[in-house]
Amino acid sequence: MGFRYSSPFVQVLIVGVILLLTSGMFNALNGLGGGGQLDTHVASNANVALYTTFSVGGLFAGPIVNKFGPSKCMALGGLTYALYSGSLLYYNHKKGDVFPIFAGGILGLGAALLWTGQGAIMMSYPNESDKGKFIGVFWGIFNLGGVLGSIVPIALNWNSTAGSVNDGTYIGFMILMGLGALLCLVLLPPSKVVHDDGKHISIKKFPSWKEEIIGVFKLFLDWKIILLTPMFLASNWFYAYQFNAVNAFYFNIRTRSFNNLWYWAAQIVSAAIFGRLLDANNLSRKTRGIYGLLIIAVTVTANWIGGLFFQLTFKRTDQIVPKDLFDSGFIEILILYIFYGMNDAMYQCYAYWVMGAQTNDVSLLAKYAGYYKAIQSAGGAISWRIDAVNTNFLAEFLICWVLLTISFPCTYIVVSRIKNTSEISEKTKELVVESKEIIVESKEV
C-alpha cells in the first residue's frame, strides 16, 4: 500500500481530510445540540429540511457522480456546508428561522453529492483485503473533524456558561468548510488511480441517464439492499436523541463542546480497531462479517441498557439547571456518551463494509452509497422532526433502540451469504457481456 499520489490509499486519505473539514465540522456543530443555539427548535427544523432533501438527492446522486466524477460533485457539495454555518451566524443576530431552514435544505442536496462521491471512492478503491482498513482510516480522519471542531467552541466558550456559541465559532466553521470544498479539486479521476500492482480501478463507461436511473430503481428490487434498509434507516436516527435530548438539554455550552470532543474521539479509536478486525486475513470474509455483527449487537445493546437507566432520571418537561463538567456525576454520563460515539462508528463502518463486500464496481457502489445516504437521511428527517415537536425523551430513546435491534437479524441474513471474493463474479459478468457482444456481431454478419 504505497503513498503515491495516484494510489488508492492516498486518494482515500484526501477524501478523509475533505470530509473532516466539511461534514466533520458540521457534526461538531450539530453535536453541540441545536447547532450551538439555546433554542434547539430552529436547528431541528433545519435538520428536517436537510435530511428530507438529502433522502431525495441521495437516490439520484449516484448517476450524477458517475456522469461528472467525484471531484466536481464533492466540491459543489462541500460549499453548501459553509452556507449552512453562515445561516446560523445570521440567526445569531436576526433570529429569523427561514434562512437556516432554507440553508438546511440546500445542504441536504450538497451532502448527497459529497457523501455519494465519498462512498464510491472509499468502497471501490481498496483491494478486497484492505476494505476494512480503508473504511477505518477514513472514518478516523473524518471524525478528527469532529474532535478539532469541538476544540474550537471549547476554546472560544470556555469561560462562558451561556447556552449558545458566539459569532467567532460560526465564522471559524465557515472558513474550514470552504477549505474542504476547495480540496475536492485535487482528487484524481478514478481512471488515473492505480494500485501498487499496476491494476486500475474497475470503472464502466457512463451508459445513459435512462439506464442509470433505471439502475437506481432496481435497488428497490434487490433483496440484499431491502434487508439492509433497516440498518441504513437506523444509522443516523439516534443523532437527534443523543445531541438534543442528552447533550443540549442536560449540559451548558462548554460541557456540550467537551462531550462532543470525546464522542468523536471515541469514533476514531473504535473505527481503527473495528476496521482491522473486518480485514482479519485468518478468517473468511463471511466469518469476519458475522463476528463483526455480533460485536455490534452486544455493544449496542449494553450501551442502550445503560442509556435507559440514565434517561429514566429526567424528562423533557423538567426545569433543570444545565450541568457543568465539574459537577458531580458528570464522568458517568460522559462514559455513556463516549460509548454512544464508539457504537456509531462501528455501526456505520460495518454498513459500508457490507456494501463493499457485494461488489468492486465503482458505478454500482456509487448507487449503493447514494441509496444508503438516502435511507439514512429519511430516518434522520423523521427523527429530527420527532424531536422538533417536543416528543417525550423516553419515547425518542425507545424508538432508536428498537430500530437498531430490528436491523441485526435482517443484516445477518445478508452477511451470512457473503462470498469470499467479488472479483470472480465481476470477471464472470465481463465474460457474459463479451459473449453477448460476439453473438450480436455474428448475427450482424
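The backbone N, Cα and C atoms fix where each Cβ goes, glycine too.
Over in TrEMBL, the protein carries these features:
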type: TRANSMEM; residues: 9-28; note: transmembrane segment
type: TRANSMEM; residues: 48-66; note: transmembrane segment
type: TRANSMEM; residues: 73-92; note: transmembrane segment
type: TRANSMEM; residues: 98-122; note: transmembrane segment
type: TRANSMEM; residues: 134-156; note: transmembrane segment
type: TRANSMEM; residues: 168-188; note: transmembrane segment
type: TRANSMEM; residues: 219-241; note: transmembrane segment
type: TRANSMEM; residues: 261-278; note: transmembrane segment
type: TRANSMEM; residues: 290-314; note: transmembrane segment
type: TRANSMEM; residues: 393-415; note: transmembrane segment
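When Cβ-Cβ distances under 8 Å to the transmembrane segment (48-66) are tallied for each of 9-28, 98-122, 134-156, 393-415, the top count falls to 98-122.
Within the chain carrying the transmembrane segment (261-278), a Cβ under 8 angstroms from the stretch's Cβ atoms is held by residues 24, 27-28, 31, 131-137, 139-140, 143-147, 149-151, 154, 242, 288-289, 291-292, 295, 334, 337-346, 349-350, 353, all 6 or more beyond its ends.
At the 8 Å Cβ cutoff, the transmembrane segment (98-122) and the transmembrane segment (219-241) share fewer than 3 close pairs (sequence separation 6 or more) and do not count as touching. The transmembrane segment (168-188) makes no contact with the transmembrane segment (393-415), as judged by fewer than three Cβ pairs under 8 Å among residues 6 or more apart in sequence. Taking Cβ pairs closer than 8 Å, the transmembrane segment (134-156) reaches residues 8-9, 12-13, 15-17, 19-25, 27-29, 31-32, 36, 118, 122-123, 125-126, 165-166, 168-169, 172-173, 176, 253-254, 257-258, 260-261, 263-265, 267-269, 271-276, 278, 345, 348-349, 352-353, 356 in its own chain, all 6 or more past its ends. Tertiary neighbourhood of the transmembrane segment (290-314): same-chain residues 245-246, 249-250, 274, 277-278, 283, 320, 333, 336, 339-340, 342-343, 346-347, 350, 353, 393-394, 397, 400-401, 404-405, 408, 411-412, 415-416, selected by CB-CB distance under 8 Å and a gap of 6+ residues from either end. Each of 9-28, 73-92, 219-241 was scored by its Cβ pairs under 8 Å to the transmembrane segment (393-415), and the highest score goes to 219-241.
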